[in-house]
Amino acid sequence: MHDRPIIALDFPTQKEVAVFLEKFPKEEALFVKVGMELFYAEGPAIVRWLKEQGHDVFLDLKLHDIPNTVEKAMTNLAKLGVAITNVHAAGGVRMMQAAKEGLIKGTQPGAKVPELIAVTQLTSTSEEEMHHDQLINVPLETSVIHYAKCAEKAGLDGVVCSALEARGIQEATKQTFICLTPGIRPAGSAVGDQQRVVTPQHAREIGSTYIVVGRPITQAENPYEAYQEIKKDWSEK
């Protein structure tokens, strides 16, 4: 597991991100997530700016398209030097293989290839919704583990999943396979639009490699204090 929780920068503009980051010590190197809202508003410049501030970036765009398109997109994203990026496992093994090839092609000589992970089922998706909307008539965990095995077959580094599925995925894949888990909430906090949530401590105990935390930090009265508490809960054994 990695000791820094990933902070979801779910803000609409770089200006708001800058205001938020001012609440942290300048020397604090963070691991942050840039999702669709922020990336589509600010473009690649937001990633470059965050890296200039000394932060690691998980670029969460969930690519899902034909293999050729995804490969070319990943070649360009690799040039940004992000630490992690992702695709939708539902795009299939060929698409995921193409994504990995694109990342390798786009990574600068001597630089580390970004970790590539696949989204299995969104943590906002309930089993009932999966059955009704996606016509996937197996238990939700079975679907998630199937997608994880497809991602492993494609040569990906891991998956995005609920911590509730992490142990099953680890039993079905190689030991180094990553389980990055959103839907993390400290004890007693609101779950919002998430369906399958756990605490940082529980995520650690059941096998998460990385955790992503958004509103419990970004909307806290004291974000740095909230971050430190979550980091402690996540990293202490």
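Cβ atoms here come from the backbone N, Cα and C positions, even for glycine.
Some features that Swiss-Prot has for this protein:
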ACT_SITE  Lys62  active site, proton donor
BINDING   Asp10, Lys33, 60-69, Thr123, Arg185, Gln194, 214-215  substrate binding site
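Taking the features listed in Swiss-Prot, we show where each one sits on the structure.
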residue	record	contacts (Cβ under 8 Å, 6+ apart)
Asp10	substrate binding site	Gly35, Glu37, Leu38, Gly214, Arg215, Thr218
Leu61	substrate binding site	Gly35, Met36, Phe39, Leu77, Thr85, Asn86
Lys62	active site, proton donor	Met36, Asn86, Val87, His88, Val119
His64	substrate binding site	Val70, Val87, His88, Ala90, Gly91, Met95
Pro67	substrate binding site	Gly91, Arg94, Met95, Gln97, Ala98, Ala99
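The Cβ neighbour count for Thr123 (substrate binding site), using a 10 Å radius over every protein chain in view, is 24.
Gly214 (substrate binding site) has a Cβ environment of 20 other Cβ atoms inside 10 Å. In the three-state DSSP scheme, Gly214 (substrate binding site) is classed as coil. When secondary structure is read from DSSP and collapsed to three states, Pro67 (substrate binding site) falls in the helix class.
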